[in-house]
Amino acid sequence: MNAPQVRPEAPSEPHVMQTYGRLPIALSHGQGCWVWDTNGKRYLDGLGGIAVNTLGHAHPRLVPALQEQIARLIHTSNYYHVPLQEKLAAKLCELSGLSTAFFCNSGLEANEAALKIARKYGHDRGNHMPEVMVFEGAFHGRSIATLSATANPKIHAGFGPLVGGFVRVPLNDIAAVRKALAEHPNITAVFLETIQGEGGVNPASIAFLQELRRVCDEHDILLMLDEVQCGIGRTGKWFAHQWAGIQPDVMPLAKGLGSGVPIGAVVCGPRAAKVMQPGNHGTTFGGNPLAMRAGVETLNIMQEDGLLANAARVGAELKAALQAGLADVEGVVEIRGQGLMLGIELDRPCGALLLQAAEAGLMISVTADRVVRLVPALILSSEEAAQIAAILCPLIKAFVASEAVKP
Ligand SMILES: *Cc1c(COP(=O)(O)O)cnc(C)c1O
């Protein structure tokens, strides 16, 4: 297990802007929940492209469908009707119970559109200084507006002045929400991730979500649930808020919706469905036929193959295996999350585990410095879940044992 290994060398990339701290690994191809690097080494993929590769790699029904679409039509612009947009929008509305969808290309774009809806919702009612309530621990993207909505000071650093009009409160604290609403009568929307992803896999509690729904109805403001990471079946329901039996007014989606093809969507209920009017918002690439086909096929395959049930069942098995494998390991604070969105919080920074896991043949992520995050494809099998735990638990044990000094 701990045999010394030759660390792989980082490829030289002098022309790629250095915006990422990358592992010294380049991937060549994938199949299901497995990926291979350019040296032929195989990895079990517990990362799923950060909760993106819903159907895993090279899915046998997605690939031919996308090949057919590419040969037929990739892009046309929104000068024309794109029939696949209505197809995907109708499907998302059917699954969510909401009314209309706008399509874009990424998570931050979906959130940007949601923030514009929140502001226009205010302006439409004579509130020309609308504010949006956001939460501690939040991550909503890296555009100037969405990084301002994000709570992480590391993401703000160097990019001020931040966009104004945000009021930040602690998560799962309904008294703080009510107090902020009393102090800020211009708030037009409450905006949060149903389960915080980058913030360390922190769920909004079911009671909190239900209270937020009530409070937003009382004030006639928008409940906007960022399901960019936790949506699209990952928790075992189509959308994570469905566990609370509520509906948002605005729901940004992205990551898992195209199973790897870039896509974003904002799905709106009746209160927000008609806020945007012709000319208010748009995007060149958004809703193009290739991305729409990827969305439609992803949702259909998920349904045909029962992937929600699989995410719930295999996710519970993985969580149980992690709990068993890490029971009594000092340094493990909590194992949390739902379905195939799991976090293992340690009591110390653990970014070093990324490379150690990769060397042991497992792709993971570490977020919020101290949280190992697993967001694999929803096709993960019981055997693969057991393998993830079998690789990861001893690594974490050895890591906390070797890193004796806590910072
Ligand atoms: C990843 C993420 C985003 C940003 O998505 P991008 O596609 O990287 O812009 C926004 N919100 C949440 C909850 C996310 O996890």
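Each Cβ is built from the backbone N, Cα and C atoms, and glycine gets one as well.
Automatic, uncurated: that is what TrEMBL annotation is.
Features as listed in TrEMBL:
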- Phe139, Asp226, Glu227, Val228, Gln229, Thr284: pyridoxal 5'-phosphate binding site (BINDING)
- Arg142, Thr283: N(2)-acetyl-L-ornithine binding site (BINDING)
- Lys255: N6-(pyridoxal phosphate)lysine (MOD_RES)
Report the binding-site residues (Glu227, Val228, Thr284) that meet this criterion: Cβ distance to the nearest atom of ligand 1 under 6 Å. Use sequence order and write none if nothing qualifies.
Val228
The one of Arg142, Lys255 whose CB sees the fewest other CB atoms within 10 Å, among these recorded positions:
Arg142
Filter the recorded positions Arg142, Lys255, Thr283 down to the ones within 10 angstroms of Gln229 (pyridoxal 5'-phosphate binding site), Cα to Cα, kept in sequence order.
Lys255
Once the DSSP letters are reduced so that anything not helix or strand counts as coil, what is Lys255 (N6-(pyridoxal phosphate)lysine)?
helix
So what sits near Thr283 (N(2)-acetyl-L-ornithine binding site) in its own chain, CB-to-CB under 8 Å and at least six residues off in sequence?
Asn78, Phe103, Cys104, Asn105, Glu109
Please work out which residue of Gln229, Thr284 has the most C-beta neighbours within 10 angstroms of its C-beta, and give that one of the binding-site residues.
Gln229
Between Val228 (pyridoxal 5'-phosphate binding site) and Arg142 (N(2)-acetyl-L-ornithine binding site), how many Å separate their Cα atoms?
14
C-alpha of Phe139 (pyridoxal 5'-phosphate binding site) to C-alpha of Lys255 (N6-(pyridoxal phosphate)lysine): distance in Å?
14
